[in-house]
Amino acid sequence: MLELRHRGSCPGPRETESLPHREGEAAGGDHETESTSDKETDIDDRYGDLDSRTDSDIPEIPPSSDRTPEILKKALSGLSSRWKNWWIRGILTLTMISLFFLIIYMGSFMLMLLVLGIQVKCFHEIITIGYRVYHSYDLPWFRTLSWYFLLCVNYFFYGETVADYFATFVQREEQLQFLIRYHRFISFALYLAGFCMFVLSLVKKHYRLQFYMFAWTHVTLLITVTQSHLVIQNLFEGMIWFLVPISSVICNDITAYLFGFFFGRTPLIKLSPKKTWEGFIGGFFSTVVFGFIAAYVLSKYQYFVCPVEYRSDVNSFVTECEPSELFQLQTYSLPPFLKAVLRQERVSLYPFQIHSIALSTFASLIGPFGGFFASGFKRAFKIKDFANTIPGHGGIMDRFDCQYLMATFVHVYITSFIRGPNPSKVLQQLLVLQPEQQLNIYKTLKTHLIEKGILQPALKV
C-alpha cells in the first residue's frame with residue numbers, strides 16, 4: 001500500500017524534466033507549455049508521488065500488548081524465552097483443539113457458526129491493520145463502509161446457501177420466498193448503495209489513497225468471505241470433508257513446529273526465517289500418516305460421512321444416509337514393493353483413505369505457502385502478528401492463513417473428482433416448483449423410463 005508524499009520532498013520526474021526545458025526557452029517563449037508543466041506540478045503536489053514509496057516509508061504499527069494470562073507468566077517465569085513460548089503455544093494449542101472437539105460434538109450448525117465467527121474476526125484483523133497504518137489521514141467512512149461491504153457479501157453468499165440447501169423450509173415461509181426469489185437483485189442493490197456511499201465520501205488530496213483502501217477492503221473480502229463460504233460448502237458434502245482437511249493443516253502446523261524446534265538447522269524461506277527444511281519434511285510425512293489414519297477412523301461413522309441436510313419435519317440438520325462406496329471397505333491389490341514390506345498381497349481400505357493422501361499432501365506441501373504469503377504481508381507492514389488474540393500464536397488470521405487456501409483446494413477437488421448428482425438436492429428443487437411444472441416433469445420422466453424399459457407401459461382398457 002502507498003501513502004501521500006509530504007510536501008517539500010524531492011521533485012517527481014515531471015517536475016525535474018520541466019526545469020531544463022523552461023531554462024532553455026527564450027523570453028516570451030511557449031507559455032502554454034509552461035502552464036501545462038505548472039498544472040502537472042500542482043497535481044503532483046496535491047496527490048503525491050505514491051509510486052515512489054519504499055518499504056522504509058511504511059509507518060510502523062505499535063507492537064501489540066502481551067495478553068498471556070498472569071498465571072502462565074508466573075508458572076513459566078523461570079524458563080528462557082524460547083521454552084516459555086514453547087509451553088505457552090503448547091497449552092493454548094491443546095485448549096483450542098479441545099474446544100474444537102466440543103464444537104464438533106455439538107453438530108454441524110455450531111461448526112457453521114464457528115466458521116462465520118472466524119471469518120468476521122479475520123476480516124477485522126486485516127481491516128484494522130489498514131486503519132492503523134493510514135489512521136493519520138483520517139479517511140472518511142473507511143471502516144464503516146468496510147463492515148457494510150462485509151455484510152453485503154455475507155448476505156449474498158449465505159442467501160445462496162439457504163436457497164440451495166433449505167428449499168423445503170423456504171417453501172413454507174412466504175416472506176422468505178420473496179427474499180430468495182429476488183435475492184441476487186437485493187444483494188446487487190445493497191452493494192450499489194455501498195458503492196455510491198464510497199463515491200460520495202471521496203475528498204480532495206485523498207482520492208488515490210481512498211481507492212487503495214477500497215481495493216484493500218475487496219481483497220480482504222475475497223480472502224475471508226469467499227473462502228469461508230467454500231468451507232461451509234465442503235461441510236455440506238459431509239463433515240469428513242471439513243474435518244480431515246482442517247485437521248491435516250493443524251497437524252502439519254504442529255508437527256512442522258516440533259520438528260523444526262528440535263531438529264531444525266536449515267532455513268527454508270527468507271520470508272519466514274524460523275521455518276526450516278527439517279520441519280517442512282517432518283511435517284509432510286507426519287501429516288500424510290495422520291490424514292490416512294484419521295480418514296480410516298472417521299469413515300466408519302455416518303455422523304461424519306453423510307451429507308449434512310436440513311429436515312423440515314424435525315426442523316434440524318441431520319446426517320443419516322446409506323454411506324456411498326467412498327466410505328465402504330474395498331479390497332485392493334498391493335504393488336510389488338509394498339508386498340515385500342507388508343508381507344501381504346491384499347489390503348482392505350476405505351476409498352476415502354486414498355483421497356486423504358491427496359488432501360494431506362496438499363496441506364503439507366502447498367498449504368504452508370498460505371502462511372508464507374501471510375508472512376510477506378506482515379513484513380510489508382512491519383508487524384509480527386495480525387493481532388494478539390491468542391497468546392503465543394498471534395491473531396486468528398495467523399492460525400487460519402493456510403486453512404483458506406486448503407478450503408479452495410478441497411472444494412475444487414470435490415467438484416472435479418468426487419461430486420455426482422445428489423438426488424435429495426434435486427428433490428428439494430422439484431418441491432419448490434409449481435404443481436403444473438411438477439406434473440410435466442413427472443410425465444417426462446415416466447416417458448423416459450418406459451422408453452428405457454425400466455417401467456412397463458400402462459395397459460389400455
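Even glycines carry a Cβ here, placed using N, Cα and C.
Just so you know, TrEMBL annotations never went through curation; they're auto-generated.
Taken from TrEMBL, the feature compositional bias 'Basic and acidic residues' covers 14-56.
Residues or ranges marked as region 'Disordered' in TrEMBL: 1-67.
Panel annotation: around the transmembrane segment (141-158), residues 116, 119-120, 123, 127, 130-131, 134, 183-184, 186-187, 190-191, 194, 197-198, 201, 210, 213, 217-218, 220-221, 225-226, 229 of the same chain, lying at least six beyond its termini, place a Cβ under 8 Å from a Cβ of the stretch. Annotation source TrEMBL lists transmembrane segment at 141-158 (among others).
Long-range contacts of the transmembrane segment (178-200) within the same chain: residues 141, 145, 148-149, 151-152, 155-156, 159-160, 162-163, 170, 210, 214, each at least 6 residues beyond the stretch ends and with a Cβ under 8 Å from a Cβ of the stretch. Residues or ranges marked as transmembrane segment in TrEMBL: 178-200 (among others).
Residues annotated as transmembrane segment in TrEMBL: 212-232 (among others).
Residues or ranges marked as transmembrane segment by TrEMBL: 238-264 (among others).
Annotation comment: TrEMBL describes 276-298 (among others) as transmembrane segment.
According to TrEMBL, the transmembrane segment annotation covers 352-374 (among others).
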Chain residues in Cβ proximity to the transmembrane segment (212-232) (below 8 Å; excluding those fewer than six residues from its ends, i.e. six or more beyond): 1-2, 112, 115-116, 118-119, 122-123, 126-127, 130, 134, 139, 142, 145-146, 149-150, 153-154, 157-158, 161, 198, 242, 403-405, 407-408, 410-411
